[in-house]
Amino acid sequence: MPSVMESSEGGDEGESLRYEDVEDDNVSPSDLSELLKEGTKESHDRAENTQFVKDFLKGRIKKELFKLATTALYFTYSALEEEMDRNKDNPVFAPLYFPLELHRKEALIKDMKYFYGEDWKEKIQCSDATQQYVDRIHHVGQHEPELLVAHAYTRYMGDLSGGQVLKKVAQRALKLPSTEEGIQFYTFENISNAQKFKQLYRARLNALDLDKNCKERIVEEANKAFRFNMEVFNELDKIGRSLVEEAQDGGVPVHDGKGDIRKCPYYADKLGNAAAGCPYHTAMALAKQPIVQMILVACVAVAAGAAAWYVM
Ligand code: HEM
């Protein structure tokens, strides 16, 4: 496994930091890493508690939705890494430039090929919420590069932390191969110890030459980055709901949004062929129609009358 100094283009070339050797017990509250951690705590809680993330953590994620989430990540990291490449020699960002260890675009392209096939590019589009996020990243990279750190921190530190939980959940829930196809995004091949790497990243954050005001702006921007992520999650959550509704007969809420529609043996069939219906759910849907209820009541009354006549 290559060490940071051997493999990455980024960082201060004169510094002999290997991430295996970095200690992080000497932090002060005014260090950028601490300001970011403390200053985004509430945002982190909110992000973890969005419906999309909560469902994902419980393994309630459908493949179609996971594909869209991966697509959103593809557009996001394409923008982020384009701007990081642009600023790789800019002292406000250079110490945090770790292309070999962190960059996700190539991994995401592998995931996109796995999910959509070789012509994946023609099959995807950037969603509204993702576009807003992408636009902000480009703005920052081109006009306020000192804020790029906030976007890199929010995504990569998250990917090396909670992202590793999501990787296992996705693999299990979507029955993805153990060879890790479809979840390359979550696999950091060139980081042997995520905890130690995060310590190095924090040390690099703290070594940036920034005044108090600039640090505050970076924390503010990181909170903005969290908000962009939450907007994407909320958009995905809405799409997830419509995926379920579309699969229902004529808008009749046969599943009422509860339970797992995939457990209905006719669900897959319904997705492929709108005319095909699940007999149980069709019967339940029909039973909810007033005219059908009246006919049922009449039938019950006739049967009860016939039974009474027979008994007499
Ligand atoms: C799936 C739900 C999530 C879980 C279970 C989770 C879990 C965690 C954990 C355990 C840490 C602490 C890691 C450490 O100190 O080494 C962490 C840190 C972090 N997470 Fe999350 N996270 C989740 C979602 C997110 C999201 C959605 C984002 C942002 C898009 C995010 C961004 C971050 C960041 C930036 C840190 C670094 C905090 C710091 O040490 O400065 N996380 N996460």
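Backbone N, Cα and C atoms are what each Cβ position is placed from, and that goes for glycine too.
The heme b binding site annotation in TrEMBL covers LYS37, HIS44, TYR153, ARG202. TrEMBL lists 34-46 with the feature compositional bias 'Basic and acidic residues'. Taken from TrEMBL, the feature region 'Disordered' applies to 1-46. Taken from TrEMBL, the feature transmembrane segment applies to 291-311.
Feature annotations (TrEMBL) mapped to structure.
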residue	record	Cβ within 10 Å
LYS37	heme b binding site	18
HIS44	heme b binding site	17
TYR153	heme b binding site	24
ARG202	heme b binding site	21
Checklist entry - So what's near the compositional bias 'Basic and acidic residues' (34-46) in sequence-distant terms, Cβ-Cβ under 8 Å and 6+ beyond its ends? => result 27-28, 150, 153-154, 205, 215-216, 218-219, 222-223, 226-227, 230
Item to check | Remaining residues near the recorded heme b site, that is with C-beta within 8 Å of the centroid of the site residues LYS37, HIS44, TYR153, ARG202 | outcome: SER33, LEU36, THR40, MET157, ALA222
Checklist outcome for this item: If we take the residues LYS37, HIS44, TYR153, ARG202 that the record assigns to heme b, their largest CA-CA distance in Å comes out at 17
